[in-house]
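Supplied in structure tokens, the structure appears directly below.
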2 protein chains.
Amino acid sequence: MNTESTESTEDIEDTDVVVIGGGAVGENVAARAVRGGLRTVLVERERLGGECSYWACIPSKALLRPGNALAAARRVRGVRSEGGLDEQAVFRRRDAFVSHWDDGGQVRWAEDAGITVVRGTARLSGEREVTVEGRGVVRAAHAVVVCTGSTPVVPQIPGIADVPVWTSREATSASTVPQSLAVLGGGVVGVEMAQAWARLGARVELLELGDRLLSHLPGFAGEAVAEGLRADGVRVRLGTAVSRVAVAGGGVRIESDDGSRIAVERLLVATGRKPATTGLGLETVGLTPGGRLSVDDTGLVSGVDGRWLYAAGDVTGRAPVTHQGKYAARVVGDVVAARARGEDVRPEPWSGYAATADHRAATQVVFTDPEVASVGLPEPGQESHRAVDLDVAVAGAALHADGYEGRARLVVDTEREIVLGATFVGQDVAELLHAATVAIVGEVPLRRLWHAVPAFPTISEVWLRLLEEYGL
Amino acid sequence: MNTESTESTEDIEDTDVVVIGGGAVGENVAARAVRGGLRTVLVERERLGGECSYWACIPSKALLRPGNALAAARRVRGVRSEGGLDEQAVFRRRDAFVSHWDDGGQVRWAEDAGITVVRGTARLSGEREVTVEGRGVVRAAHAVVVCTGSTPVVPQIPGIADVPVWTSREATSASTVPQSLAVLGGGVVGVEMAQAWARLGARVELLELGDRLLSHLPGFAGEAVAEGLRADGVRVRLGTAVSRVAVAGGGVRIESDDGSRIAVERLLVATGRKPATTGLGLETVGLTPGGRLSVDDTGLVSGVDGRWLYAAGDVTGRAPVTHQGKYAARVVGDVVAARARGEDVRPEPWSGYAATADHRAATQVVFTDPEVASVGLPEPGQESHRAVDLDVAVAGAALHADGYEGRARLVVDTEREIVLGATFVGQDVAELLHAATVAIVGEVPLRRLWHAVPAFPTISEVWLRLLEEYGL
């Protein structure tokens, strides 16, 4: 660890770029800025690598993958699979993937990349100026980039302040299987953690206010995941509002407005996240804390004079998933470096200086069983759009798993005959997504896609069926 | 079964199109021709559905998938997988996938599609004329399409005519595990069957004349598959020429030119296939039997007057895999229908009337463990080409399987900055291929592909690393 990253009360040396927040997004901004020749300070108050590395993508997939691999094997006749999951081994594997919550490896990576890592809580204290608590002020010659991510939203439910709840952090890092778990919220975190813990042995109940799971995706996705959860013994309750929670025995009592009461050992609140913009000193540069930081496609924050304040990732409220945040981060890092060189940056759509995919081809995978993979538009948005829907009923899928059930949707612009969106649901569809992303980003006409011949017998053959269904 | 498909000595009614050979390729030609409004007779001497359905793609993947699913589960710590494979259950599952070698279902499909199915051995007997043995002559108003596929090549090895050998047919349809199996040839059939039977319990030895397996693919593919085979106990012997085989005991004795001798229960000859053009009456239309039927991108056979003789699939010697054959079949069916309507068919590259992908973006997957998936150019072909090689070392891969090992190559045209070829090797890479195929077929520039953001943490994230490695 070099001197910049040890505790000290001295001022930090002035620099070219200061990045506030050292999650995956901040790391990528910093790495690209350094690559562009800029001195870059990355300030992190907790662990370098952030939410994704320690309490989200990585540990959640680590908890899910053993169950998915086992289920996949069990769906193939001829495989003897008497065993189940060894929970303690699953936890140990998860612990290894999060480096036992030690960010030493990431600090080494950052320092090797030429990034100056500063530990501490940072806030803006004026134009191009950041104050790090207990460390003093650092000035940025070119840019300050806010990558503080998001924090869980805890809903206003009577009694909730008085009960111990799990957020995504506890749900991904726990090493004891609760006997019973109530999950509040049927979004990505809710469904993934409901399934992970159910498969590890917890009795799980999922409570969702709305009438479906994964409400931001086509209905068939939430339905398939609900069915998958039920197959694992999860009680899925839709349209259920919680009216009160209270401590009861060693756990939590949950009352719903339909009059039902349940008592569980743990309550996971997974009702969404909000941009982390409080305590950041935004008011010192004329912005209002609490909301999202509105940015253009270069990552420049709106409403601030002088083109020096940027943001990327969840804090911008754009596509709030790690990989899209990292993508925006690469753009911001490149833009800042280009402008520092005096280049006239023109953020043309799909150029290297515009995070165009955030609103045209944002991708997401839900790693439940069945998986859900989506990109771009989930539903037709205009009259010239058409949804092409099909079961994933190809030989490759049947061979992959007995009784394979899957569903695919393309959203097509019927005037330009290009793909605008795609959603796949089914076992092991995650890797099918990138083909759709390339088709959307490349604006490849359907008649050209006709020549992209899926290998037989893969699950990707569903592409051929989708194009035939469209009419080719 | 309708009257056309029962045995009879009556002439068959004249028609618009006669397709010789009712494998997957012939079926697709016929279906597209019918869709185009043409009366179509499909003649098959054996089983409708052909090699792929009964003795190749389907049963081979059915034999491999249980072992792959089991191995995948075993590579995830936390999964208890004490069991192994239940061979009899694997065979029963395979038998179900090949419909117990009964083509009734395919005949019903064809008839429902409006195709007239004729059982018998067909040969050309003049222009637009086909003679079906024992059934008489059928005349085609528009076209005859040859889709007779290919047959195994048995090499000239002293003694081989006197020993009972397995070809791919026996290797995919056997229901007893031989104690020992020698596999001659390290191509796709050889490596797939070596692994399938090794995992089912046979002691397997693979003998390859050349210095690597899968010689049509980049070297790292064959090396990885060889390592996978060795991990399953297969003895892989490269650079080994067999000098003599003979019956010995209940099996076969194999002598190599290095002086070694082995005795095995079964010998699988998997040394390639040749186009099935003998006994077809090609000489009646001025062609020479024995070689491949040379065709243009519409499927029209070269060297025959009058634009009526077409071919698709293995018999043409183009991209000899089922899905490319079916692709060429769709083109031929559409071309024949368009010409029958009097259209001036212009086979512009990538139009619906040209099987352009056969030479620009042919795809192939080897369903071993590790899998190999390839499309387009395997190696840089010109000075303006560059191979971008990387280990598949992304979080998604590590989470997918402990100790994940994989390799990826893009072949890039550095002038146009587009992808010309891609090869992926590793567990479960089959579904990664289609993204590369879309990129190649769509000629999507690398700078645009930069906006195709792989979801985190999937294995597809290797795309990001490949583009970074290229220099983006």
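Glycine is treated like the rest: Cβ placed from N, Cα and C.
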Among A:CYS52, A:CYS147, which cysteine does TrEMBL link to A:CYS57 through a disulfide?
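Partner cysteine, according to TrEMBL: A:CYS52.
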Considering the NAD(+) binding residues A:GLY185, A:GLY186, A:GLY187, A:VAL188, A:VAL189, A:GLY190, A:VAL191, A:GLU192, A:GLU208 given in TrEMBL, which of A:GLY120, A:GLY126, A:GLY272 is annotated for that site as well?
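When TrEMBL describes the NAD(+) site, the candidate it includes is A:GLY272.
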Using a Cβ cut-off under 8 Å and a sequence separation of 6 or more, which residues in the same chain sit near A:GLY149 (FAD binding site)?
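A:GLY21, A:GLY23, A:VAL25, A:GLY50, A:GLU51, A:PRO275, A:ALA276, A:GLY313, A:ASP314, A:VAL315 - these are the non-local Cβ neighbours of A:GLY149 (FAD binding site), listed in sequence order.
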Quick one: Cα separation, A:GLY187 (NAD(+) binding site) versus A:CYS57 (disulfide bond), in Å?
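If we compare the Cα positions of A:GLY187 (NAD(+) binding site) and A:CYS57 (disulfide bond), the gap is 14 Å.
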For each of A:CYS52, A:CYS57, A:VAL189, A:VAL191, count the other CB atoms within 10 A of its CB; which of these recorded positions has the top count?
A:VAL191
Taking helix as H, G and I and strand as E and B in DSSP, count the residues of the domain 'Pyridine nucleotide-disulphide oxidoreductase dimerisation' (A:364-463) in helix, strand and coil.
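DSSP composition of the domain 'Pyridine nucleotide-disulphide oxidoreductase dimerisation' (A:364-463): 27 helix, 32 strand, 41 coil.
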Please name which of the binding-site residues listed here, A:THR148, A:GLY185, A:VAL189, is nearest in space to A:CYS57 (disulfide bond), Cα against Cα.
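Of the binding-site residues A:THR148, A:GLY185, A:VAL189, A:VAL189 has its Cα closest to that of A:CYS57 (disulfide bond).
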Using CB atoms and a 10 A radius, I'd like the single residue among the binding-site residues A:THR148, A:SER150 with the highest neighbour count.
A:THR148
How big is the FAD site in terms of the longest C-alpha to C-alpha distance among A:LYS61, A:THR148, A:GLY149, A:SER150, A:ASP314, in angstrom?
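Farthest-apart Cα atoms in A:LYS61, A:THR148, A:GLY149, A:SER150, A:ASP314 are separated by 23 Å.
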Taking the residues A:GLY185, A:GLY186, A:GLY187, A:VAL188, A:VAL189, A:GLY190, A:VAL191, A:GLU192, A:GLU208, A:GLY272, which the record names as binding NAD(+), find the longest CA to CA distance and state it in Å to the nearest whole number.
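Greatest Cα separation within the listed binding residues comes to 14 Å.
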Just going by other Cβ atoms within 10 Å, which of the binding-site residues A:GLY185, A:GLY187 has the emptiest spot?
A:GLY187
Does anything in the same chain, at least 6 positions from A:LYS61 (FAD binding site), have a Cβ under 8 Å from its Cβ, and if so what?
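Spatial neighbours, sequence-distant, of A:LYS61 (FAD binding site): A:PHE367.
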Average the pLDDT scores across the domain 'FAD/NAD(P)-binding' (A:16-321) and report the rounded value.
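Looking only at the domain 'FAD/NAD(P)-binding' (A:16-321), pLDDT averages out to 97.
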